[in-house]
Structure formats: C-alpha cells, structure tokens
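As annotated by Swiss-Prot, active site, proton acceptor applies to Asp287. Swiss-Prot lists Leu129, Ala130, Ser131, Ala132, Ser133, Ile134, Ala135, Gln136, Val137, Lys152 with the feature ATP binding site. Positions annotated as domain 'Protein kinase' by Swiss-Prot, on the basis of sequence analysis: 123-501. Look at Swiss-Prot and you will find 515-537 tagged as transmembrane segment.
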Amino acid sequence: MTPSELKRLYHITKVQLEYGLDELLPEHALTQLPKRLRKGLFWIKNKYPEKPLGERLRLALQELGPVWIKFGQMMSTRRDLFPPHLADQLALLQDQVAPFDGQLAKDQMEMELGGPLDNWFTDFDIKPLASASIAQVHTAKLKDSGREIVLKVIRPDIRPVIESDIRLMYRMARLVEQHIPEARRLKPVEVIEEYEKTLLDELDLRREASNAMQLRRNFEGSEELYVPEVILDLSSEHLMVSERIYGIQVSDIEQLEKNGTNMKLLAERGVSVFFTQVFRDSFFHADMHPGNVFVNPDNPENPQWIGLDCGIVGTLNKEDKRYLAENLLGFFNSDYHKVAQLHVDSGWVPADTNVEEFEFAIRMVCEPIFAKPLGEISFGHVLLNLFNTARRFNMEVQPQLVLLQKTLLYVEGLGRQLYPQLDLWATAKPFLETWMAKQVGPAAFVTALSEKAPFWAEKLPELPDLVYDSLRQGKVLNQRMDKLYAGYRQSKRQQAKGQFLFNVGATLLICSAVLLTSNITVLASISAATGAAFWLFSWRAYRR
C-alpha cells in the first residue's frame with residue numbers, strides 16, 4: 001500500500017469506529033487478528049451510542065464521501081444481504097455534494113466537443129444548475145436555434161478517486177472474507193465487483209443517453225409522461241446535452257396546489273406510468289425519487305409527469321412479469337399457497353423448500369397488511385415483506401425485481417403524498433388483469449402465432465427442401481439403425497458362444513481336478529488342457 005492509501009484506510013477505519021460500526025461484527029464471529037486490531041485502536045470510541053445502528057451506518061457513509069454514499073445506495077437494494085432496519089436507512093442516503101469549479105466544467109466540455117463552447121452554444125452559465133458526486137449540470141442555448149438546453153458533464157477528477165477507494169474496498173473485502181467466517185456468505189468481494197461495474201457504468205453518459213431515448217420513444221405523444229430530448233450529436237462519453245425543461249418538483253405540494261393541479265389525477269397517473277413501463281414496455285425508470293420527477297405546469301387540470309436522470313433503469317422478461325402479476329393477484333386473493341409454490345417453481349428458492357412452511361411464513365407477515373382496506377395497502381411493502389420472508393428461505397433475490405420494488409415504493413410514496421386517498425389497487429388491477437389475459441387463453445395463442453408469423457413466412461419457401469432433407473436423413477438414420485441392430489445381434493451371438501465355451505472349459509477344469517485326486521493323471525492332463533483351450537476360445541469370442 002502507498003502512504004496515501006494507508007492514510008485513507010486509517011481514516012475509513014476511524015470513521016467506522018467513531019460511529020460504532022464494529023457492532024455489525026459480533027466479537028464471537030471474529031478471528032484473532034481483527035480482535036487485536038480493535039484493541040490496538042482503543043482510543044477511538046463510539047461517539048453516537050444513543051443513535052440506532054442503521055442511522056449510524058448511514059451517517060458514516062455520508063462522512064466518507066461520494067463513493068461510499070453510492071455504495072450505500074446500491075446496498076439498500078440488496079435486501080437479500082441486509083436486514084430491513086439497515087436497508088431502510090441506506091435508502092435515505094442522498095447524493096448531494098458541493099459543486100466543482102465552473103471553469104473546470106467548461107474546459108471538460110470543450111475537450112469532449114473538440115472546440116470552444118461558443119461554436120455550438122450561447123448564454124452558457126458557468127454557475128451549475130445542479131451538482132452530484134459523479135456529474136454536474138450547466139445551462140446554455142443552442143447557437144443555431146436558441147433552444148434552451150442543459151449540459152451534464154462528468155467530474156474531471158472523479159475516476160482516480162473512485163479507483164483509489166475501490167482498491168481499498170477490495171482489500172477490506174478480502175480481509176473480511178479471511179478473518180470473519182460468518183461474513184463469507186455475504187460474498188463481500190462479489191459485492192464490490194458488482195458495485196465497481198455499476199459505478200464505472202455511471203461514468204459513461206452514453207448509457208444514460210440511450211436509456212433516456214428509449215423511455216422517450218416508449219411515451220412519445222403520451223399525456224402521462226414526458227422525457228426530455230437528448231441532443232445526441234453533441235453528446236459523448238463524458239458529456240450529455242439535452243433539452244431544458246421547466247416544471248414543479250413533484251414533492252412541492254404547496255406549489256402544485258397553488259398552480260391548481262388536479263392532485264388525484266396526477267397521483268393516479270404516477271401509478272399508471274409505472275405499470276405501463278412494467279407490463280407494456282418491460283423497461284422502467286428505476287430512480288424515480290422526488291429529485292428526478294417534475295410536473296408540467298402548463299395544463300394543471302391534465303397534469304403530466306416529467307422524468308429526468310435515466311442513469312438507472314430496469315428491464316423485465318416475460319417470466320419476471322408473470323412472477324409479479326401472479327404474485328400480486330395471489331396476494332389479493334389471499335392464495336398464499338400459490339405464492340409459495342410460484343417461488344419454488346421459478347427456482348428462486350431451493351427445490352427442497354417445504355412449501356407449507358414457506359406458505360405459513362408468507363401468511364404470517366402478509367395477513368396483517370391485507371386486513372386493511374384495499375385502498376390503504378402498499379404494493380411496495382407487500383413485495384418488501386415477501387423479499388424479507390423469502391430471504392429466510394435462501395431466496396436468491398433478482399436485481400431487476402429489487403429495483404422494481406424500490407421504484408414502486410417511490411411511486412407509492414409520491415402518489416399518497418399527492419393524494420392520500422389514492423387506491424393503488426383500483427389503478428393497478430386493470431394492468432394486471434389485461435396482461436394476464438394476454439398470456440393465457442385464445443388471445444395469447446393468437447398473439448404468439450402472430451409473433452411467429454414472419455418467421456414461418458420466411459421459412460415457407462424452404463419447406464419442400466426441409467421435408468426432402470428430413471426424409472433423406474430419416475432414410476440414412478434407418479440404414480444406420482439397421483446396421484447397429486445387426487451388429488448388436490452379432491455381438492449377442494458372440495457373447496452367448498463365449499459364455500458356452502467358458503462354461504465347458506470350467507467344467508473340464510473341475511473334472512481334471514477330480515481325476516487328479518483319484519491319481520488318473522493322463523485323463524486329468526487331457527481334461528485340463530482341453531478346458532484351458534475352451535477358456536482361450538471363450539476369451540477370443542468375448543473380444544469379438
């Protein structure tokens with residue numbers, strides 16, 4: 001380790017101990033080395049013993065800086081690894097940091113564009129509109145049209161910081177695996193590998209631009225959701241240019257009401273947007289916290305959501321959607337056995353799981369929720385309770401479903417903040433029933449047939465050749481089968497002959513032994529020689 005890495009490692013360790021995070025690792029679970037290290041740092045005490053452990057964990061990560069904040073945010077989605085009281089606190093982490101020098105941002109943009117900003121933009125504001133740990137946003141206008149745009153640029157100094165802290169995370173993860181046996185099941189090195197990939201992906205704004213363009217296409221012309229246009233010609237790996245929007249932040253209830261917004265419709269549209277993304281598009285914005293969601297102020301009676309920052313998205317395949325739909329319908333029909341069986345059939349819990357025990361565990365946590373009126377039930381908390389229960393049965397949580405559950409909690413929270421009487425079930429049920437109807441029955445058969453029609457239309461002219469090839473291959477196969485069968489019969493005959501010769505030889509050898517005991521040596525010798533000859537012939541027969 002370099003001196004700077006040792007200094008940083010000491011600072012990380014000091015912060016962790018000052019927040020009492022050594023409580024995460026019970027002393028009985030430690031080997032001798034970490035016990036001695038803890039005693040060696042005796043002067044570092046827990047400064048906040050009155051605060052809950054989850055809150056202390058969140059505060060420590062905030063103090064350690066952007067890389068650790070984002071690590072905590074990612075860990076908040078891994079409810080297969082962390083108990084609820086820790087995961088809930090990690091979900092509260094906010095990625096807010098002081099802006100960096102606007103001139104540095106401008107220099108970085110010009111390097112990405114290959115020339116002065118004046119070649120493409122006017123009215124560039126050197127003061128940032130927003131700032132986060134990975135990127136910063138500035139405003140300007142397009143020179144040729146005067147259109148207002150925003151420029152999102154990656155911090156020029158962030159990669160060395162990320163790489164340095166990631167190296168330390170790997171060292172710490174390996175030490176944890178080596179010296180804390182109980183922590184090995186959490187696979188800390190694999191967790192860091194996953195985080196490194198996620199973080200490095202965020203350094204490439206082309207990925208976010210692609211996500212935004214996909215979401216915009218999906219809701220083209222929609223009254224429910226608007227996604228700002230990306231100016232792709234001016235965007236690159238470390239710079240994304242998109243249209244500037246003006247809206248009311250969705251959490252600003254006072255301003256929304258002052259603008260005369262139809263709060264009931266706005267809340268219902270939030271739920272509708274979510275389920276449309278999931279069941280129609282299989283592609284959803286997975287970071288819909290209040291900072292990324294605005295409301296178009298132009299038509300308050302017909303309010304439209306505006307979605308920003310598409311850096312994190314989720315995708316679902318047919319199996320994922322079927323799992324979600326059948327589970328939710330199973331829950332609302334109180335069919336917990338079906339829910340438990342679905343998990344076993346999908347392979348998300350081990351095949352030897354006791355379905356009755358799993359059903360009972362699900363019933364225990366979900367019955368209190370479903371005792372409420374349907375309008376008060378939280379879908380997000382239903383899935384959350386399901387994940388926490390399945391975790392006890394060694395369920396391997398699917399990342400895309402965890403993202404979906406987190407997004408659903410955001411949408412529900414916003415919806416009920418806007419309109420407390422929001423009945424999510426009334427809004428969601430048509431989506432679930434319509435999607436399920438398309439998956440089973442005649443409609444599903446017709447849909448599947450129409451999806452395969454282009455393939456069969458392409459293959460139809462080849463059908464005669466395919467039939468001829470199949471018949472020819474069948475004839476060749478029959479000939480080979482006849483040869484194999486003839487060989488098999490010949491082999492069986494040889495084996496029978498060999499067995500017969502072996503038995504005769506064995507009989508003659510036994511006779512020679514009897515004759516020898518009676519002192520009839522000549523006959524005994526002839527019998528032994530003949531028996532040996534028969535054995536030799538039997539061996540040759542077997543060899544064939």
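Positions of Cβ are set from backbone N, Cα and C atoms, glycine also.
The local packing around Ala135 (ATP binding site), expressed as other Cβ atoms within 10 Å of its Cβ over all shown chains, amounts to 24. Looking just at the domain 'Protein kinase' (123-501), the mean pLDDT is 80. Annotated pair Ser131 (ATP binding site) and Asp287 (active site, proton acceptor), C-alpha to C-alpha distance, rounded: 17 Å. Separation of the C-alpha atoms of Ser133 (ATP binding site) and Asp287 (active site, proton acceptor): 16 Å, rounded to the nearest whole number.
In the three-state DSSP scheme, the residue listed as 'active site, proton acceptor' falls into the coil class. Counting other C-beta atoms within 10 Å of each candidate's C-beta, the binding-site residues Leu129, Val137 are led by Val137. Between the two most distant C-alpha atoms of the annotated ATP binders (Leu129, Ala130, Ser131, Ala132, Ser133, Ile134, Ala135, Gln136, Val137, Lys152) there are 14 Å. Annotation note: Ala135 (ATP binding site) sits in a strand segment as assigned by DSSP. Neighbour list (the residue listed as 'active site, proton acceptor', Cβ cut-off 8 Å, at least 6 residues apart, same chain): Asp309, Cys310, Gly311, Ile312, Thr407.
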